[in-house]
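Quick look at what Swiss-Prot annotates:
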- His54, His144, His208, Asp280: Zn(2+) binding site (BINDING)
- Cys253-Cys307: disulfide bond (DISULFID)
- 114-136: region 'Disordered' (REGION)
- 1-20: signal peptide (SIGNAL)
Amino acid sequence: MFKKTVLTLAMLGVTTVANADVLTSIKPLGFIANAITDGVTETKVLLPVTASPHDYSLKPSDIEKLKSAQLVVWVGDGLEAFLEKSIDKLPKEKVLRLEDVPGIKMIVDATKKKDHDHHDHDHDHDHDHDHEHIHGHHHDKDWHIWFSPEASQLAAEQIAERLTAQLPEKKAKIAENLAAFKANLADKSNEITQQLQAVKDKGYYTFHDAYGYFERAYGLNSLGSFTINPTIAPGAKTLNAIKENIAAHKAQCLFAEPQFTPKVIDSLSKSTAVKVGQLDPLGAKVKLSKTAYPQFLQAIADEFSQCLTQ
C-alpha cells in the first residue's frame, strides 16, 4: 500500500510539471521559449508552420490549448489579431504579450521612425485585377520581432522571468538556460555578421516585408518587397514592373517563401532572369530544441548567402 501511494504521488508530480507548459503563438517564438524551458517544462506551438499568423482562424482545439497552458507567449494584435479575443479571456498572469515589453516597444518604434526617415517615395504601384503591387518598406510598425536578435533576447528574458515566478524551484536551471541562450546568440550573431559581409552590398527584393530586423542587424541591402498572390502566376503587367525594378536597381536575387507554388517561382525566374531564392520566415525545417533559435538565424543567413553569392 505504501509503495502504491508513493508511486501515485510521483506520477502526480510528473503530471503537474508536464502541465506547466509554455505555449507560443508561432514557431519562432517557440525556438526562443524552448531555450528557456529546456530541462524545466515543455514548449508547444499553437500555429502549424503552414499557417500564417496574419490570417489564421482558431479551431476549438486551439482554444483548449490556450486555456490549459500555464504561459501563453505571443507578439500581440499587431501581428496575430486572430488571438486577441481568446487571449483577453485568459488570466493576465498567464499571458506574455511581447508588444508590451518596454525594450521591444522601443526597438519597434525606433525602427518605424528610421524607416519613415529613409523611405524611398519613388516606387511603383501595379493595380491590376489581382491587386498585385510593388512597394518600398511600409510605414506601419514591424512586429516580425523574432528576426531581431536584440528583441529576441528581451523576449527570452521575459519568458525566464515569468517561468521563474511560476516554477521558483527551477530558478537556477532557468537562469542557467537564459545565460546559455545569450551566449549562443552572441556567438551566432558574430558568425552571421562575418558570413554575410561578402554580400552586404548586393541588392535583392523579397515578397514579404518581414525581414527588416535581420537585414539591419547584419547589414544586408534590401531594395524593398513585391506583393503578389503566392499561388497564381503573376500577370504580364506585374512581371514587367518587377523586371523594371530589378533592372533599375541591379537586384541580384528575388526571395520567395515556402507558400509560393513552383509555377509562380518558375514564372518569376524565367521572366526576370535573376536567381529566385527562398526564405522561410517561420522556420518550418528547424526543430524545437534549446539551440533552435540560433539555428533559425543561421538558416535565414544561409538562404540569403546562397542566392546572393551566385
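In case you wondered, yes, glycine gets a Cβ from its N, Cα and C as well.
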- Item | Proximal residue to Cys307 (disulfide bond) among binding-site residues His54, His144, His208, Asp280 (C-alpha distance) | Asp280
- Note on the structure: Students should find that the Cα atoms of His144 (Zn(2+) binding site) and Cys253 (disulfide bond) sit apart, in Å rounded to an integer, by 22
- Message: What whole-number Å value do you get for the CA-CA distance of His54 (Zn(2+) binding site) and Cys253 (disulfide bond)?
- Response: 25
- Most isolated by CB count within 10 A, of the binding-site residues His54, His144, is His54
- Message: Cβ within 8 angstroms of the Cβ centroid of His54, His144, His208, Asp280: which residues besides those meet this for the Zn(2+) site?
- Response: Ser52, Pro53, Ala210, Glu257, Pro281, Leu282
- Task: Only counting partners 6 or more residues apart, tell me which same-chain residues put their Cβ under 8 Å from the Cβ of His208 (Zn(2+) binding site).
- Result: Ser225, Glu257, Leu279, Pro281
- Taking only the CA atoms, the spacing between Asp280 (Zn(2+) binding site) and Cys253 (disulfide bond), expressed in whole angstrom, is 15
